[in-house]
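> Grabbed the feature section from TrEMBL, which reads as follows:
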- B:K18, B:G19, B:G20, B:V21, B:G22, B:K23, B:T24, B:T25: ATP binding site (BINDING)
- B:8-247: domain 'AAA+ ATPase' (DOMAIN)
Amino acid sequence: MGILDSLFGRRNAYRPQGSAQVAKQRLVEVLVYDHVKLTPDVMEAIRDDICRILSRHLDVDVDRLEINILRTERGDRLVANVPVRRGGTGARARR
Amino acid sequence: MEQQQEVNGRVITITSGKGGVGKTTTTANLGAALAARGRSVVLLDADIGLRNLDIVLGLENRIVYDIVDVVEGRCRLRQAMIRDKRLNNLYLIPAAQTRDKEAVSPQQMRALCEELRRQFDFILIDSPAGIEQGFRNAIAGADEVIVVTNPEVSSVRDADRIVGLVEAAELPVPRLIVNRIDPELVRRGDMMSVEDVTEILSIPLIGLVPDDETIITATNRGEPVALDPLSRAGQAFRDIAARLLGEDVPLMVLEAPDGALRRLLRALGFGGSRQGQAVRGGGAG
């Protein structure tokens, strides 16, 4: 198999992955957004709102906060990954 | 029409969202394959303004009346039905060429389908591309929907949109045909497989059709490839027709062409296992 692969140049440094897998990943991603009808603008607004609300209670690492919509067996779900800084500086500073 | 006893036919719409993925070819070939199996079939070209099913079937010279003449009462239904040259239980109702999609309403389509279902075992409707009025007309009288797609990003995305619209119209979940599969590209990892496409769309698969030059030559001649016993694509359409008749036909296994060098290497003991990668999907729905 290694011989065949090198003979036919199936994968090399410029094409580490078949384009079919790229197509599939891109489709899965775009369809999730098509389904929930969320534009990048709305996603950005949701991200900002989550940051603002959580920052009242926690020292959130805003730059590393990620929100995504994932397609799962049980339907589409919004998943937020919110990194919190240790030490709690500012966390109790609300109100 | 010779058959006078009333039947309760199935109205099946073939649609895709994107144009050019093989709706018309699929409609013509499923119709021919079902008729060859002894069922009475009428094909309804709902692509008003872009008539094509007639030329794919080689019946373009026989048109007198069309679907708009029927709904506007300029002719009786039977006058607009063109009998196929090869199969005497296959008929076509052509689209109008000089009108637009608004010439027919969903109510008129429903009434037409109800009338046809009393005379035929199968009513296959060739939908126009798009998601507008023409598509809505095409599904208005349908019992079932078949979505045709190709293994590439734009047609799969459009197919997904169609699935949503069919569900919103409270029709049963559509079944999928993945058309124009190139097994060699799939083997190289440069074309999505049938499994990939069915997984993305998550609807039941009713069949797959290999990319096959016999489609081009048959269409050039106006002959359904489903009637060519040697054509792989023709076999694929016959298999789908059999599944529509409730038969449990295994999915076609597509093999990449076996090159001379590859055969030699395999004979020498290199890389034999990679050959003939199956292109399989879920159950036949």
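Each Cβ is built from the backbone N, Cα and C atoms, and glycine gets one as well.
Whatever TrEMBL says is automated annotation, not expert-curated.
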> Let me know the model's mean pLDDT on the domain 'AAA+ ATPase' (B:8-247).
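Value for the domain 'AAA+ ATPase' (B:8-247), mean pLDDT as a whole number: 97.
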> Quick check on the binding-site residues B:G20, B:G22: which one has the highest count of other Cβ atoms within 10 Å of its Cβ?
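Top count of Cβ atoms within 10 Å goes to B:G22.
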> In the same chain, outside B:K18, B:G19, B:G20, B:V21, B:G22, B:K23, B:T24, B:T25, whose C-beta lies within 8 angstroms of the Cβ mean position for the ATP site?
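Near the ATP site, beyond B:K18, B:G19, B:G20, B:V21, B:G22, B:K23, B:T24, B:T25, sit B:S16, B:T26, B:A129, B:V148, B:N179.
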> State the count of C-beta atoms found within 10 angstroms of the C-beta of B:V21 (ATP binding site), not counting that atom itself.
26
> Mind telling me which of the binding-site residues B:K18, B:K23 has the densest Cβ neighbourhood, counting other Cβ atoms within 10 Å?
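Buried the deepest by this measure is B:K23.
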> Any same-chain residues 6+ apart from B:G19 (ATP binding site) with CB under 8 Å of its CB? Would you list them in sequence order, or say none?
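Those within reach of B:G19 (ATP binding site), by Cβ under 8 Å and sequence separation of 6 or more, are B:A129, B:G130.
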> What does DSSP assign B:K23 (ATP binding site), in three states?
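Looking at the DSSP assignment, B:K23 (ATP binding site) belongs to a helix.
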